[in-house]
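Pulled from Swiss-Prot, these are the features on record:
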TOPO_DOM  2-25  topological domain 'Virion surface'
CARBOHYD  2  N-linked glycosylation site
TRANSMEM  26-46  transmembrane segment
TOPO_DOM  47-56  topological domain 'Intravirion'
TRANSMEM  57-77  transmembrane segment
TOPO_DOM  78-85  topological domain 'Virion surface'
TRANSMEM  86-106  transmembrane segment
TOPO_DOM  107-228  topological domain 'Intravirion'
């Protein structure tokens, strides 16, 4: 029997001229996309625009699956064994970190019941009970004090607007910040009225425990929280 040997297929490689031509063709589109992403990341804060902040969170959330796909692609089309080894390590690390993100987000969701638990930027959720409605908003840092400000009926917590139609008498005695492993309780330590419809209050961290629900009572705080 006659056996035929197939010639190996040549490996296609980009030349410098092709790379320059690609940049010339897609430079405008890439510039617009990078400008859009930069603006979103720069100005995406809850204290500025909630819509822009949500778009920012979507972009950050998409980074993980995109990174995993690119790492897997590098594993399939690795240039050599060294690149293959690094690609496998990066793929495993990316998948583990993504799984950890979902595990922590689900734990935080069980604690708060808020979809803000899946925020990829932070695991700190500030919970404020106003007239029986619990407002949950993400905060970046673990603050020792929280500030509530009311300006002509508009309520702001740490600079984030929560709603309108409130007065200083509506401010709760306690505010909570939920984390993955515990819940921090902040007690109102100072209240000052600027005029008849404006003022502010300062809350100081007073208690840390493993609870599921934020307090919604001015007294009897331990009975208002369900221990996990």
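If you go along the chain as it appears here, the first residue is 1 and each next one adds 1.
Using N, Cα and C of the backbone, Cβ positions are placed for all residues, glycine too.
The structure displayed is predicted, hence computed values, not measured ones.
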Which sequence-distant residues neighbour the topological domain 'Virion surface' (78-85)? Criterion: at least 6 residues beyond either end, Cβ under 8 Å.
none
Where else in the chain does the transmembrane segment (86-106) make close Cβ contacts, counting only residues six or more beyond its ends and a cut-off under 8 Å?
64-65, 67-68, 71-72, 74-75, 78, 117-120, 123, 180
Where does the mean pLDDT land for the topological domain 'Intravirion' (107-228)?
81
Sort out the residues at least 6 away from either end of the topological domain 'Intravirion' (47-56), same chain, that have Cβ-Cβ distances under 8 Å to it, and list them.
40-41, 121, 158-161
